[in-house]
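Below is one structure; the comments refer to it alone.
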Amino acid sequence: MSKRNYMFLFVFIIMVLFPKPGSSTIHAEAANLIDSEVNLDTSSISLDGDWYMFQEQLLSPEQIKQRLDRLEGKIVTIPNSFDTHFDKVNSFATYTKRIDIPEEYIGRTFGIHVPFQYSAYRLYVDEKLVARNGTVGTNSEEHRAEMGPDTGYFVVNSPTVYVTMQVSSFDHIRGGFENSITFGLTSVINKEFYRTVTWTLFLNGSIFITGLFMFILSIYRREEKAYFIFGLFAMLISVRSLFAVPFIYTLMFLNIDWVWGTRLEYILTLLTSALYVIFLWKFHEKYFNKNVMYFIVSVHAVLVFVTLFTQPILFQDLYFKGMLFSIPYFIYVLYVIIISIKNQLTYAKLNVVGIIIIFIGFFNDYAVGQNLYQFYNLMLPAVMLYILIHVYIMGRDFAKYKNDTLILNEQLLTLNASLDRKVYKRTKELEKANAQLAKLAYIDGLTKVPNRHALNRQIEKMKLDSDNRCLPISVMMFDVDYFKQYNDHYGHIAGDEVLRQVAQAMESALPKDCFFARYGGEEFVIILKNASLDRAILLAEKVRKKIEREQIAHVKSEYEILTISVGVTTSTAPLEETDVNELIQEADELLYVSKRNGRNQVVY
């Protein structure tokens, strides 16, 4: 890979991992948030900054106003966590902030978007409860956590509104008012939120489809076991992201409580991490010690087991502490890659770029999860970049494979050209014979019932059969009513489908001793041996009613459903004295009498 390509890849990585923020959020200062220079029609306002906090008190908006009148309350900077203020994670508090609204926006509908909190909360605007997640409580028995995005809507009726947030946390390794919330007009808030969701789902879908492609490809190319593992890795990390920030699973029709949502997030994280370890081992199998791989995967399996049977506050703490062991693992992977590069392993240099991207995303998300700093979650775009790198590698491999195949084909063509002309002639004769056999196929390709050729063959067979020659015969001709109009209105594809449906319905209504075939177009024929006219009429009526009961819509028919017309004729003379083709012609003429008489009837 040239230096120019590496430079292009580096710039692309920076653009994806550090995109320009999707929203035009303006950070407010102090309590009086909005001035005349802020255009709320296009921008939302971050409510970060100074808030009044009432430690270990769950106060109503009315109580808050009384406390503020008495100049009570501690000013804190939001976002922040409980352990910053209280030196403990498990606690509860009430926060409040005043927003001054410009006069021209009074009477309009606003929203406050809470992406999620690692706590339960209740959000009030003045005295109105506008959003909530979980159950806020003063102890672990009363408290019930839930994590998911929510937006509260309200109409501003006065120039000053108070935003109050009750927060509690008792069952998570983090707690408090830890994530920024935004304030703005409903249209702006919704636009910014759905932009984030759309971006996440786009990455998700791209990763999942690419992973599925690699997975399917590996099934047909069994020697590519690394891509089988990588395909599973990509699909799993796509599913995992539904349970990670911004917790899109809470927006879907999934009745999953917070505990199991968190469990699934951590289990899927561990499974994808284990698959990635296996993938790296497979990709560098010659230099990556198998026992190291088995040890790391075993640790992941133990953590999955612990996650399944313990509460989040335990397995989350264990998970983040265990992540410290990823540092020596990362060093070992770099060691393996350096050896691979020295031994000129194909794509080793390109793969090291991808691995560095993955570990940057991993350590960033770990630091954000530990509240070491506020930043984007980078794992999903990092995986997307890593997948693009391997799509490039796969494309190069496929191109090489294709080129090698073309060379082999050219060699094969050269050998074939030198074969004896007699072999060529016999091959042509065989192809001609196969073509003739194909033309003589007895099954109609569309309806999968016997065709006209099969009908003629059946007539000849009946005449040769000594058991049939002295028996009478009945013939029924069926035609789909207004079929041309059906084709014109619904299209030829729908017309083909309805012919298949009619053929299947007719065939299901017939006894075993009759012969059923497609005569041509929308016409079908039934030959019934040793049958009186009465029996033939009853059978024809049965088939007609069967089609009528199918209730196939046909707006161009006077009956508004698809119907058939039937002509029935019977020869009492023995079969050996009967011209079956004349009998078919007679039944066809009766069929058209049926059509002239109004269709959807049997004429005999």
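A Cβ is built for glycine as well, from the same backbone N, Cα and C atoms used for every other residue.
According to TrEMBL, the features are:
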| type | residues | note |
| --- | --- | --- |
| TRANSMEM | 199-220 | transmembrane segment |
| TRANSMEM | 227-252 | transmembrane segment |
| TRANSMEM | 264-281 | transmembrane segment |
| TRANSMEM | 293-313 | transmembrane segment |
| TRANSMEM | 319-338 | transmembrane segment |
| TRANSMEM | 350-369 | transmembrane segment |
| TRANSMEM | 375-393 | transmembrane segment |
| DOMAIN | 471-604 | domain 'GGDEF' |
Inquiry  = Which residues of the chain, 6 or more past the ends of the transmembrane segment (375-393), have a CB below 8 A from one of its CBs?
reply    = 9, 12-13, 16-18, 200, 203-204, 206-207, 210-211, 214, 227, 230, 234, 237, 241, 244-245, 347, 350-351, 353-355, 357-358, 360-362, 364-365, 367-368
Query = Any residues 6+ beyond the ends of the transmembrane segment (227-252) with a Cβ under 8 Å from its own?
reply = 115-116, 147-149, 196-197, 200-201, 203-205, 207-208, 210-219, 221, 261-262, 264-265, 268-269, 271-272, 275-276, 278-279, 282, 377, 379-380, 383, 387, 390, 394
Residues from the same chain, set at least six apart from the ends of the transmembrane segment (264-281), whose C-beta lies under 8 A from its own = 226, 229-230, 232-233, 236-237, 239-240, 243-244, 256, 288, 290, 292-293, 296-297, 300-301, 303-304, 307-308, 315-316, 319, 329, 333, 336, 355, 358
Remark   = Averaging the pLDDT values of the domain 'GGDEF' (471-604) gives 91
Task = Using a Cβ-Cβ cut-off of under 8 Å, list the residues of the same chain that are 6+ residues beyond the ends of the transmembrane segment (199-220) and lie near it.
result = 22, 227-228, 230-235, 237-239, 241-242, 246, 248, 380-381, 383-384, 387, 390-391, 394
